[in-house]
Amino acid sequence: MNIYMTDEGKLLTEEQLKLVEAILVYTATEEKIEANSELSVTFVTNDEIQQINREWRGKDQATDVISFAMDELGEDEIDFELLEDEPVVLGDLIISVERCREQAAEYGNHFERELGFLAVHGFLHLLGYDHIEKADEDIMTKRQEEILHHFELYRGKL
């Protein structure tokens, strides 16, 4: 899987970026995602994610992660999955590094654990997981924890 990460504000260290990439590659492998799939991940500030949230979701507040799935076709859009040998574009993840730091402190987690959680959580949304219904939430939560535990990222381990 090809992952394109953007951190223009230099909000993360090289090690943290590599951790996110490793977590996403592992998740893609575990979820049996095609090798020619593509995903973009952008790391932003609270102000930047608030602007995106306002423009695209109509919510004028900062949030931790936003997922934009590419499989939701609009009118006159091409279904790229029908094009042989073309990469499967899964979508975009936008992660607020500031909100990640705030939540890590609030929940008593290492920053890297919260960062990994947000990456996995957003990615699983792109893959069709959801948490609106309790049963779906339980499935998604279990999957997230399995993936994070593989990287020894546990809750409340400061």
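From the backbone N, Cα and C atoms, a Cβ is placed for every residue, glycine too.
The Zn(2+) binding site annotation in Swiss-Prot covers His121, His125, His131 and is backed by sequence analysis. Other Cβ atoms within 10 Å of the Cβ of His125 (Zn(2+) binding site), summed over all protein chains shown, number 19.
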List of residues, in chain order, with Cβ under 8 A from that of His131 (Zn(2+) binding site) and at least 6 apart:
Glu137, Met140, Thr141
Under 8 Å between C-beta atoms and at least six apart in sequence, can you list the same-chain neighbours of His121 (Zn(2+) binding site), or say none if there are none?
Val65, Met140, Gln144
